[in-house]
Each structure stands twice: as structure tokens, then as C-alpha cells.
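Q: Pulled these features from TrEMBL for this protein:
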- B:7-16: compositional bias 'Low complexity' (COMPBIAS)
- B:45-272: domain 'ABC transmembrane type-2' (DOMAIN)
- B:1-22: region 'Disordered' (REGION)
- B:50-67: transmembrane segment (TRANSMEM)
- B:79-98: transmembrane segment (TRANSMEM)
- B:131-150: transmembrane segment (TRANSMEM)
- B:162-184: transmembrane segment (TRANSMEM)
- B:190-209: transmembrane segment (TRANSMEM)
- B:221-245: transmembrane segment (TRANSMEM)
- B:251-269: transmembrane segment (TRANSMEM)
Amino acid sequence: MTSAIQAEGLAKQFGETKALTSVDLQVPAGTVLGLLGPNGAGKTTAVRILTTLLRPDAGRAVVMGHDVAKDPERVREIIGLTGQYAAVDEHLTGTENLIFLARLLGFSRARSRAVAADLLERFGLSDAADRSAKTYSGGMRRRLDLAACLVADPKVIFLDEPTTGLDPNARDQLWEIIRDQVRRGSTVLLTTQYLEEADQLADDIVVIDHGSVVAQGTPQTLKREFGRPTLEVRPVHHEQLDRVADVVADVAGERTVEGRAVKTRVHDATVLPAVVRRLDEAGIEVAELSVREPSLDEVFKQLTVTGAEV
Amino acid sequence: MTAVAETTSTPPGTTTRRQRGPVATLRQSATVAWRQLVQIKHSPEQLVEVGIQPVIFVFLFAFVLSGQMDGDRHTYLQFVVPGLIVQSAVLVTARTAIAMNGDVTSGLFDRFRSLPISRTAPLIGRIVADYVMLVWSVVLLLAFGMLLSFRIETSWTRLLPMFLLLLVFSFCLSWAAVYAGLLASNPENVQALAFGLMLPLTFLSSVFVRTDTMPGWLQAVVNLNPVSMLADAIRGLLVSGPIAAPVTKTLIASLVLLAIFAPLALRAYHRER
């Protein structure tokens, strides 16, 4: 397996603030890595180091075999970057924006036109090609921005929060474009605050918080490893809630009363028969009883709140 | 994992040529300048915006202020039009600073910096495009001035060296503007900074009045102002008075500005944000 991106011990400090402490990343060629974390976790700093915009204080990063600190020029020839803000010139039309970048990269006039037309077509922007970008919706701007980063046909693409602020429809469109790009053989590193996005797009997820990695693995592994299923019991008679809670605590070791139900995290579903039996013995009528698999969102919250302990 | 091994071969599919060297820099600068100028096609009001200011100033000085000056309106116009040309140059560099900051805050500069292109092309391209705007505003200023009795007393051919001198001066001063634009955190700050510097720069100079009307200590300051040197040089070239001395002083002052601000601007450009 060849790594498209490999980083070891990346660290970066801004004044007193430690943006990254020691981050290792590895992205096999042709796959998508989701770099997941709350605001200020260090996601953007990591992307900026990997795209040669920042030099790391410590550690080393290699993109397609080229060291980002020692040979940034070579790295820039291979990568495409889409930052957090749609970096398009809003006074120019969609076509002009793309032609501008193509010309900047040394393409001939004819080839620049062809590349621009092709990308606009692919991204569903052909109808708006000759309108200035300031008339575009948020989703269209993001798509144009992504198209701009693909002008040079980069092998490795960095997307920093590509869908933040988009409505679900526009977000779905952008996801489809990213999937399509991966099918074409690109390697993608995307940062996101949304688990759903990582779950939808990423082959692997790295969760970072306060500048260091708190968990990593496939979406499934993360759910299995860090998320415990939730047992929820709702008695028919509200007054029996306390007795239900006692029973649950006895079996599962924890009790939390939320509204009209008792909820607790359990290790696995095997506690279920015991809970049912004990409730039956106690003569408590149950309206609802369930064991629910964790959502990635719960895993994420758990990881980034108690990050240090995990 | 053994995949960290560095490869030296160009990965397949890398189609872009290597973009290095002075020729590539020039070509990329021209592309960036094209980007600025093609904007005019979409918002032609930019031309009015840049053009209206000198016209208003000529009007203001010809009709509102010239009465207080000695001599008649024509005499003052002969003095102040060359000064207003210099003021236009200073105004256009303020535009440079503001636009530069816009590119930084919008993330466009991050994209430039992540591309395999010359580091200076985005800066030079912007400066070149703004010079084109300056030429446009000076042409309007001269035309309107002539409508109100301004005359080139030397020779029309002197316009060429005048524009060349203006090019050198504004190219060098632009680096200060670029520096301010890269340094400030938002466009409002740049605006405040640019105008805060521009007013003293133009008023403490020979742009609007003869320096021998000022107190001696102030004259010393004003005569050191590069803006005064350029105003005197343009007066010499278009109207009357010495040419060689103010032109030489302007060129030296321009080089000093360049030597100070170009490295600062480049450093700010590479600075980590």
C-alpha cells in the first residue's frame, strides 16, 4: 500500500497557543481521510502544513513522496487546495475564474478554455458559466471553488470544511462531486466538523481535539470501539421510574433518568434478557425497552469531551 | 509502513510545466493583471470611480480654491494640475492596498501560494493593473484640466517621460501599499491606514501650494517628501521649471521606497497566517 500523504509528529505553535502537538496521519493513495474535530482542534493548521502554507515546528510530512518543508515546489505541483472560504474572484464569471487559473498554470488559451468548459459542465455550472460569481448561490460558489482547485488535475486534494454553511441539497451535490473525484483516482483529505460527512465520504477517520489525535479508524471501528450501545427503558407508570432505575443500575452499573425513561450506556446487548427478567420479577410494566447502537455523533461528542481520558 | 520513502520521479499525470524563472514570472504577472482588468468589463463603474476623483479635484481647485491663491485661475491650474497627477498616483496605491487585503482575507492568496507559480507574480500583476488604472485617471485629469485652460507649455512629447516617471514612482510606492494591505487584518483597517498616511503625504508637499509659502522648519520636511519631488518633476516636464534635479531626486526616492518596502511586503506575503 502506497501512502499519498504521510505525516509524523507534526507540531505547530502560534505564540503561546499550541495548535498541533504531535499529529501522525497516513492516507493511502486513492482513499479519503476525514480529519474530524471541533472548531479550533487544529484541523486547518494540519491542512496548511500539508499544503506548504505553513512550516511545521517539528515533525515531517510527505505528499506523494515529496517533503512539504524541503521541497514545497514539487508538492504544489501535485496538490489542490480548497480552503474554508470559497476563494473565487466574485467579479469574474465562472469561466473567467477557471481560465485565469489555467493560464496562471501555463496552459495555452485553447486548453484553458477546454478545461474550464469541461469542469463547469461536470460541476453543473454550465448555465451559469458566463455570469459573474457574485450572482452565484453559496453552493455554486463552493462548486466553482472546488473546480478551481481541480484545474491542474491534482493527484491529492485537500478540502478544508468543504460543506460548512451549505444547505442539505447543495451539500449532497458537493459530496457526489467529491465521490466522483475519488473514483477518478484522487486521494482526498477533508476536514469536517460533521460526523455524517466523514461517515459518508471517508474510508478512514482521524479525530483530533486540542491539537492531537484522540482516535482513528474506519467509521465502523470507531463506532464499535468508542461508542457503547444505549439501553433505554420507559415504564408504563411514571411513578415506577425510580424502581426501574434501581433495576437498571443493578444490572448495568449506571443509571440516568431522562424525562420519562431510564437511559444508560451498556457494554453490549447481552444485558437485555437480565433487565427484562428483573423488571418482570418486580412486576413493572414496560412501555418501551430498547438497545440502540451509537451514532457517530455520540462517539464524536464522547471523544472530544473526554478526549484526554480515551 | 515503508511508504515514506521519497520518490524523485514526477508522478504520472502531472501535466503542468515547471513554472519558474523570470519569463514565467512575467507571464504569470500578466495573467494576474488580466484578471484585474477583465473585472472592468463586468463593473465598468470602476472606471468612473477612479476617474471621478481627479475631475472633482480639478473642479474644486479651479473654482473653489483658486480665488485665494495669487494669480488668476489659469496660473493656479498650471501649478496644481501636475500636483493632482501625483495625488492620483497616491490614491491609486491606496486602492492597491485595499484590494490586496481583500485577496488575503478572501483566501485567494492561499490558493496562489498553494500553486506552483512565482511567489511575486500575484503582487506584481496587481501593481501593473493598478498602473493601468492610474494612466486612465491621469488622462481624464489632463483632459478635464485642459477644458478649464490648463496647457502643456513645454511639449506634448514630454508626456512620455512623465508617464514613465509616474510608472517608476507608483511601482515603488505600491510596495508600501502592498505591505499595508498584507499586514492589516481587514479592509476597514487598510482604509483607515491608507487615508491616514495619504493626507499628510499629499498635503505636506508641493502638490497644492508652493513650499516657499510655508515656515522654514516645515519646508525642510516637505522638501524631503518624495511626493514633492515628483510634483516638481512633473511641473518641470509639462509646464516650466527645472527638470533634471527633481527627476533625479524622484528616482532616488523611488528606489529607496522600493528597497524598504519590497522586502517587507515579500516577507509579509510569506508570513504565516
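Including glycine, each Cβ sits where the backbone N, Cα and C put it.
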Q: Taking contact to mean three or more C-beta pairs under 8 angstroms, with sequence separation of 6 or more, is the transmembrane segment (B:131-150) in contact with the transmembrane segment (B:50-67)?
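A: These two stretches do touch.
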Q: Pairs of Cβ atoms less than 8 Å apart decide it: which stretch in B:50-67, B:162-184, B:190-209, B:221-245, B:251-269 has the most with the transmembrane segment (B:79-98)?
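A: It is B:190-209 that shares the most Cβ pairs under 8 Å with the transmembrane segment (B:79-98).
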Q: For the transmembrane segment (B:221-245), name the stretch out of B:50-67, B:162-184, B:190-209, B:251-269 with the most CB-CB pairs under 8 Å.
A: B:190-209
Q: Other than its close neighbours in sequence, what residues sit by the transmembrane segment (B:190-209), given a CB gap under 8 Å and a spacing of at least six beyond its ends?
A: 61, 69, 80, 83-84, 86-87, 90-91, 93-94, 97-98, 100-101, 177, 180-181, 184, 218, 221-222, 225, 227-228, 231-232
